[in-house]
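Just below is one structure, and these are the notes that go with it.
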Amino acid sequence: MSFGPHLLLATLEGLVTSAVLALTALGLSLVFGVMRVVNVAHGEFFMLGAVLAWWIASLATGHPAIGFLLALVVSPLIVGAIALVAERLVLRRLDYNPEATIVATIGMLYIIQQLALTFYGPEARPVEAPFSYRILFPWFGYSGYKLSVIAFSAILLLATWFVLTRTRIGLVMRATQYDRETAQAFGIPVGRVYAGVFAMGAMLAAIAAVLIVPIQQAHYLMGLDPLLLSFIVVIIGGLGSLRGTVVAAVLIGLSDGIISVFFSPTLAKIIATMIVAMVLVFRPQGLFGTAAR
Amino acid sequence: MTSALTISGLDCFYGEVQVLHGLDLDLRKGEVLCLLGRNGAGKTTTLKAIMGLVPARSGSIVLGDRDLTKLAAHDVPKAGIAYVPQGRRLFAEMTVAENIEIGLMTRNKGSQTRESVLALFPLLRDRLRQRSGTLSGGEQQMLAMARALCLEPEVLLLDEPTEGLMPSMIAKIRETVAKLRERGVSTILVEQRVDAVLSVADRVSFIENGRNRETVGVETLRGDPAFVQRYVGVG
Ligand SMILES: Nc1ncnc2c1ncn2[C@@H]1O[C@H](COP(=O)(O)OP(=O)(O)O)[C@@H](O)[C@H]1O
Ligand SMILES: [Mg+2]
């Protein structure tokens, strides 16, 4: 394959990574932005989404699309419910103390992981894609499913943006984020907002995971990579900035795709880590974050 | 005269440090009650306790027939108390319109309330799309008051609304307080300087070390400057 088509292929692969990463990182960023909680267990909600997707799809019979669509709806709901319980039982009792919640979510990480190992096992299992249509470019064929992942993520990101900036729910979330005390003085039940945001963050990770399982198999240790990459994205983009999260996810996803194809995946990781270091040194609030006042 | 809000024996703590010691306060219907006192006397804490933002360890805060200390913080404003915090505390990243919207949402008020509030502060109408953090100090104070008035409150709490403002703005704020008084809103106005309140207040409570030392009518104060000296020091 010559350079041009090769680059196109790398770009497409990079965009698939970007799309899934943007959703996952957005969940992490929302939780930190609104609640000031660094959710170390975020990757495990991603893993749970994938493992549950396999389980749900394996229960369904008939066309693979049925199982997949069922998983796309049900798995995030279950993960959201689990996150909600964790929020009420653990984070709220710690009064959302920044240090205590880090330790607590590390605990959650291991608990969820070990439960997955116990009940799901150490195997990696795939979920069949809802359709196997291939787009034929002049130089190569490309998975139609992967393109639909990019499109679906883009729609979901737009929907999140719309909710945050154009609806009352978004207004309430932003008010809670900017000034928790004053928000309460205007009738906003910040406890309930926190619970909702934590569940929503976990659900975004779960949706991303359901989208990825037809491409990459479900495994009980699969949460680590998305967690690290999400942190990278959120640091580069600026915590709590939706635009920054999306831009950084595309940047990291594309550079990962392109550099991995032309050079090596290790180099891609090295460069991503270097970008993080540079951002931390020269622009600690992130590319699109606002400096703390 | 009937009471709008009655505080009795209020104790409040920050951690283990007691800040309010059995504070008593009585706000009558339709009056402007001013809280005067030095920095750190506990004026802001008193207002936060009313809003449920600082828990009361003992004592009661009664509005009508409800004890506000039993309510969750986010239910206090719904009972009809609006709060203009010290330092304004606008949602700075949001626009003027969004700040007003949050005020309206508190008690499900609609466009009629919005119009009447904007009529009080016509200046804000031209700035609806502007990010509130970029307004001038005086405009921010007006927005903070507008946001609170969107609740159509029975009781209004104002914490040092004239702090750091130009004289023309101070006059405008005072004028608004007087206008609201005519409409029957009961107001607690916190200030550090007595001259800032003599023209608008009905009564003054002197707060010292987390206690209400004395509550007197403004006529008494006008006649006897020594009063103020005792609690607030010079000025
Ligand atoms: N968040 C807080 N944590 C601990 N102490 C506080 C806090 N806020 C105020 N204080 C203390 O409580 C006392 C009363 O403060 P405050 O109510 O703000 O006084 P005022 O408004 O009259 O100036 C002061 O001694 C102050 O240092
Ligand atoms: Mg104060």
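Heads up, the Cβ atoms here are built off N, Cα and C, so glycines get one too.
Where the annotation comes from TrEMBL, it is an automatic prediction and has not been curated.
Note that the coordinates shown come from a computational prediction; the quantities given were computed from them, not determined experimentally.
The annotation transmembrane segment is assigned in TrEMBL to A:15-38, A:45-62, A:68-90, A:102-122, A:142-164, A:193-215, A:227-254, A:261-282.
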Which one, A:142-164, A:227-254, A:261-282, has the most C-beta pairs under 8 Å toward the transmembrane segment (A:15-38)?
A:227-254
Among A:45-62, A:142-164, A:227-254, A:261-282, which stretch has the highest count of C-beta pairs below 8 Å with the transmembrane segment (A:193-215)?
A:45-62
With pairs restricted to those 6 or more apart in sequence, evaluate whether the transmembrane segment (A:102-122) and the transmembrane segment (A:45-62) have 3+ C-beta pairs under 8 Å.
yes
Which sequence positions outside the transmembrane segment (A:261-282), separated from its termini by at least 6 residues, show Cβ-Cβ distances below 8 Å to it?
6, 9-10, 13, 229, 232, 235-236, 251-252, 255
